[in-house]
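Chemist: According to Swiss-Prot, the protein carries these features:
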type     : residues                                                       : note
BINDING  : Asn175, Glu241                                                 : Mn(2+) binding site
BINDING  : Ile178, Tyr179, Arg180, Arg192, Trp193, Leu194, Arg197, Gly198 : prenylated FMN binding site
ACT_SITE : Asp290                                                         : active site, proton donor
Amino acid sequence: MDAMKYHDLRDFLTLLEQQGELKRITLPVDPHLEITEIADRTLRAGGPALLFESPKGYAMPVLCNLFGTPKRVAMGMGQDDVSALREVGKLLAFLKEPEPPKGFRDLFDKLPQFKQVLNMPTKRLRGAPCQQKIASGDDVDLTRLPVMTCWPDDAAPLITWGLTVTRGPHKERQNLGIYRQQLIGKNKLIMRWLSHRGGALDFQEWLAARPGERFPVSVALGADPATILGAVTPVPDTLSEYAFAGLLRGTKTEVVKCLSNDLEVPASAEIILEGYIEPGEMAPEGPYGDHTGYYNEVDNFPVFTVTHITQREDAIYHSTYTGRPPDEPAVLGVALNEVFVPILQKQFPEIVDFYLPPEGCSYRLAVVTMKKQYAGHAKRVMMGVWSFLRQFMYTKFVIVCDDDVNARDWNDVIWAITTRMDPARDTVLVENTPIDYLDFASPVSGLGSKMGLDATNKWPGETQREWGRPIVKDPEVTARIDAIWDELAIFK
């Protein structure tokens, strides 16, 4: 897995521009709704990343659609194309459950993986580009950032690509997560993290261990792509996101200690927000248009008070929008799908392919194809998908098909469902399971049901009837017709 070399976001933008993957917009455009409209049209057309150099009312440029195509996601992960992301998945599968070499030849085969591990430790700097300019106290003013308002009924401007850095009271390793943050004042944001996410868990542990004490938080905007993508990739719990970013980039992740707390942030990030969450300080968040294509309901979340803003000279504000797919998170989902496959295959070798259709909000429906080996096998795989990786705990529907079905072709999948399923026998319903807070279709917020569809051929024990034989063309006839096809001139 040879990494494409770039040091920070600016290096990456130079690389994109050289390849025609970045467009500079010099015309003044408003971060209030207008940037979303332009970015949405561009993404749907498979267009470039956009750097808005003159956002109306602001001196700071806005970067959008950075990961607007699977190719750019792959480039951000240091790869030439999406197919190479399977190698990233294989590396993660290896790191999740490393196996010692079985001999010299196996050691030689695994040597590239062992060499990559050398890039895992972070490199701590004394000073960093992200601290070239410092604002603190009354000089902190979040309204100077060109924070986008994406949809007409959004409650307020929303930070969308903030890389939130936290650490629990009993942990050495930090957690990196991406949580949206509503702007509610010059130095106030609402931190919308769900209770199972790493940042929220760190906060709950802090409240239990240090009741009444302020919880330190830092947020990085415009980190290098490998670090951003490390925060949204299924990294094993034993591996930090910074370490994984080093593997992707091929060089150690450079970090620097914050000015007001002990958290370490990406040294090359464009902007850093430092501050704290006061225990008990909450505020109503939303509504916001989100990746489901709907506005979500209002709910209370902790308030993040910003005490320091540090940034690079001529900083760039990195942003995105979320809406009904396709949007940038959906594109990320398509690319990261290739990372998931080898991880699942290591645990379940019978899996041939795994697909999260973007139109299913990238995680709410999964199609699995497998080499079925015994009666009930499909149901075992369903349960495995729901339980093996926490990324799939919110997947509402799992469709399991045989390996003669293309998981990424709805024509194939629908054919399998309608010809190989009996609804009563082959549907599995599981009640009272964790469900995405944003899923308003569930009867209770955060709790709902799941459905598994066994669209495989049925084995003895699963049916008492003779099973249908698929129609297969005669290969000799096919070859004869191939030989005379042009002569027939049917389409000429």
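Heads up, the Cβ atoms here are built off N, Cα and C, so glycines get one too.
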Chemist: Specify the nearest of the recorded positions Asn175, Glu241, Asp290 to Gly198 (prenylated FMN binding site), where nearness means the distance between Cα atoms.
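Modeler: So, of the listed recorded positions, the one sitting closest to Gly198 (prenylated FMN binding site) is Asn175.
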Chemist: Spatially, and counting Cα to Cα, which of the binding-site residues is closest to the residue listed as 'active site, proton donor'? Options: Asn175, Arg180, Trp193, Leu194, Glu241.
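Modeler: Nearest in space to the residue listed as 'active site, proton donor', counting only the binding-site residues, is Arg180.
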Chemist: Near the Cβ of Trp193 (prenylated FMN binding site), how many other Cβ atoms are there if near means within 10 Å?
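Modeler: Cβ-Cβ neighbours of Trp193 (prenylated FMN binding site) within 10 Å number 21.
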Chemist: Including all protein chains shown, what's the count of other C-beta atoms within 10 A of the C-beta of Glu241 (Mn(2+) binding site)?
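Modeler: A 10 Å sphere around the Cβ of Glu241 (Mn(2+) binding site) contains 25 other Cβ atoms.
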Chemist: Please give the maximum pairwise Cα distance, in Å and rounded to a whole number, for the prenylated FMN-binding set Ile178, Tyr179, Arg180, Arg192, Trp193, Leu194, Arg197, Gly198.
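Modeler: That value is 14 Å for the farthest Cα pair.
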Chemist: List, in sequence order, the same-chain residues at least six positions removed whose CB sits under 8 Å from that of Tyr179 (prenylated FMN binding site)?
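Modeler: Result: Gly162, Thr164, Met191, Arg192, Trp193, Arg197, Gly199.
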Chemist: To which of the binding-site residues Arg180, Arg192, Arg197 does the lowest count of other Cβ atoms within 10 Å belong?
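Modeler: Looking at the binding-site residues Arg180, Arg192, Arg197, the Cβ with the fewest others within 10 Å is that of Arg197.
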Chemist: I'm trying to understand the geometry here, so how far is the Cα atom of Asn175 (Mn(2+) binding site) from the Cα atom of Leu194 (prenylated FMN binding site), in Å to the nearest whole number?
Modeler: 14
Chemist: Cβ-Cβ under 8 Å from Ile178 (prenylated FMN binding site), same chain, 6 or more residues apart: which ones?
Modeler: Trp161, Gly162, Leu163, Thr164, Ile228, Ala231, Val232
Chemist: So if I measure Cβ to Cβ from Leu194 (prenylated FMN binding site) and keep only same-chain residues at least 6 apart in sequence, which ones fall under 8 Å?
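Modeler: The answer is Ala200, Tyr437.
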Chemist: Round to the nearest Å and give the CA-to-CA distance linking Glu241 (Mn(2+) binding site) with Arg180 (prenylated FMN binding site).
Modeler: 19
Chemist: Around the prenylated FMN site formed by Ile178, Tyr179, Arg180, Arg192, Trp193, Leu194, Arg197, Gly198, which additional residues qualify by having Cβ within 8 Å of the site's Cβ center?
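Modeler: Checked against the 8 Å cutoff, the neighbours are Thr164, Gly177, Met191, Gly199, Ala200.
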Chemist: Would you mind checking how many other C-beta atoms are within 10 angstroms of the C-beta on Asn175 (Mn(2+) binding site)?
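Modeler: The Cβ of Asn175 (Mn(2+) binding site) has 19 Cβ neighbours within 10 Å.
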